[in-house]
């Protein structure tokens, strides 16, 4: 678990995300509101027609990913987007990038493990979205005064789980494909496949962790085929 950061808030977020992973996972956090180093041409072409906000987030995410790779002795090279819009990592590397309106972060590792990471503002989920994100069973499990905030954690957990499984299955699916059970006091969750996806059968479970830090929810999932 490797980290390096200067800004106080960014450093706290980075440390929180590092703690969500086991093993040699490097994490970097970037501020999309700050001027970013120029991204590589192979990357820039993907957002050439995007609005400035999207270009800034994309650049911050790619620069965070490169910074994380450097922590593990990796090459300083382009991380273009594939046809499916997912990051195209160098051979032997796996990672995940996430952003919200305030921060961009990246987690990377070498070897067989696949990572999923997500960051969301620590604000309650819009009630109008509850039935879209959560199944009736999930809604029942998080009933109570903190339901809106826990629903946002469920949303983030599903995002992280989706990102971790996608490089393995190349399967697109919606929020109803996973059933998330939170253990709020332990900062852990399980994401169970309700329907099959690639090599994952209905009922298979991904283990994840989450934390709240500096007004942010961060979630992480690791899928290590060597341990499956």
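Placement of Cβ uses the backbone N, Cα and C atoms for every residue, glycine included.
TrEMBL does not curate its annotations; it predicts them automatically.
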Among 54, 110, 141, which residue does TrEMBL annotate as binding CoA together with 62, 98, 99, 118, 159, 163?
54
If one measures from the C-alpha of residue 159 (CoA binding site) to the C-alpha of residue 120 (Mg(2+) binding site), what distance in angstrom results, rounded to a whole number?
10
Suppose the Mg(2+) site is 118, 119, 120. Which further residues of the same chain have a Cβ inside 8 angstroms of that site's Cβ centroid?
98, 100, 117, 156, 159, 160, 216, 217, 218, 219
Can you give me the Cα-Cα distance between residue 62 (CoA binding site) and residue 119 (Mg(2+) binding site) in Å, rounded to a whole number?
16
Spatial neighbours, same chain, of residue 163 (CoA binding site) - Cβ under 8 Å, 6+ residues apart:
96, 98, 115, 116, 117, 118, 221
Spatial separation of residue 99 (CoA binding site) from residue 119 (Mg(2+) binding site) - C-alpha basis, Å:
6
To the nearest whole angstrom, state the Cα distance for the pair residue 54 (CoA binding site) and residue 120 (Mg(2+) binding site).
16
